[in-house]
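Engineer: Dumping the structure here so I can ask a few things about it.
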Amino acid sequence: MNRLPSSASALACSAHALNLIEKRTLDHEEMKALNREVIEYFKEHVNPGFLEYRKSVTAGGDYGAVEWQAGGLNTLVDTQGEEFIDCLGGFGIFNVGHRNPVVVSAVQNQLAKQPLHSQELLDPLRAMLAKTLAALTPGKLKYSFFCNSGTESVEAALKLAKAYQSPRGKFTFIATSGAFHGKSLGALSATAKSTFRKPFMPLLPGFRHVPFGNIEAMRTALNECKKTGDDVAAVILEPIQGEGGVILPPPGYLTAVRKLCDEFGALMILDEVQTGMGRTGKMFACEHENVQPDILCLAKALGGGVMPIGATIATEEVFSVLFDNPFLHTTTFGGNPLACAAALATINVLLEQNLPAQAEQKGDMLLDGFRQLAREYPDLVQEARGKGMLMAIEFVDNEIGYNFASEMFRQRVLVAGTLNNAKTIRIEPPLTLTIEQCELVIKAARKALAAMRVSVEEA
């Protein structure tokens, strides 16, 4: 039987939510009630699958904890009042921490002035952010298209490459095995995990995948495409594969890919949605090899953990294909004043506080600690790897990875697996994590592994 719409029910639900938003604090009973409501509504109206997924990190196998607010700059508080050091960072959005006061203030000030733009008049913050990114990004990157997410930034990059290369008879894209570029149709065609791809086959034609980090495989693919007339429009890469398991290519790989792109007349698209904004110890990961892409994709941390925003930045030569008709690719909310205010404030914080350098220093400290633990627990840990504050601990199998996340949860440290590699737990904290908190994370990991070893021995 079809359910009839109920304005009264919708009004009551929205009023209840607004009441919760307005409250600074909730008492114990209100927290318990909220926890029950959230679990019920996820099951009935969001997706019950998320509840099972969250089980993997919850003490006692219960449904996932319900977060309620940020604690400090680097912590989260759940509805039970428990505070967690955030070593997941919202999959890389909290580079400048939770509720960074500079970012929050910029958004609040803009909110009081003008939340959204008219779509007809020129909006100043979009212009200022584009100018800022032109100054900040490497090489000849000059023009920016703004959107709302990493997937959208990749879609824009693919369309831009198509528009530029189609008159040249080049239509093929080369991506890499293990890549993750998003889940919309175009981005998914470049993504390499079958679990995400198969339900939506056939995807866009013209995409090929080669092993990541293998420059000879890349050369062979470019050659074969040329021989068959399927000339390559662009190569799309992550400098470090984030969702693939924090996979670092061999030194010099990006430089070699850049040379191949130049040799074959292919554009180089770098997806720095996860590696950008200081995460790896440089503002952009491509700067470790001084590589200059033709198109750069940003999102996640660009909004400072306060507003969603993505950006696709390209050289003038490439971007000029949109000059005659700027409406070929647009989005209603892309580049809105609130998002641009957040991005401008985020860039200001990253530069003023030199957070990329801090990411390198604290990342080295954490990675040294994790590698020591890998040596102490070779029966559980295969490897610890990473660059800056993008790290991974790879376990011998998926179950051990899940158990580690659950044990870390008990130690009040939030971690999670990567989307393409379930036995790999990512460590991706805010770049603002303190030295003391770094030490606490290493201690928590040591306790977690010790508890896991006891559990294995008793089994």
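Including glycine, each Cβ sits where the backbone N, Cα and C put it.
Dumping what Swiss-Prot says about this protein:
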BINDING   Gly150, Thr151, Gln274, Thr332  pyridoxal 5'-phosphate binding site
MOD_RES   Lys300  N6-(pyridoxal phosphate)lysine
Engineer: For the binding-site residues listed here (Thr151, Gln274), which one has the lowest count of neighbouring CB atoms within 10 Å of its own CB?
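Structural biologist: Result for the binding-site residues Thr151, Gln274: minimum number of other Cβ atoms within 10 Å at Thr151.
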Engineer: If you measure Lys300 (N6-(pyridoxal phosphate)lysine) to Gln274 (pyridoxal 5'-phosphate binding site) at Cα, how many Å is it?
Structural biologist: 7
Engineer: Inside 10 Å of the Cβ of Thr332 (pyridoxal 5'-phosphate binding site), count up the other Cβ atoms and send me the figure.
Structural biologist: 9
Engineer: When you measure from the Cβ of Gly150 (pyridoxal 5'-phosphate binding site), how many other Cβ atoms are you left with inside 10 Å?
Structural biologist: 28
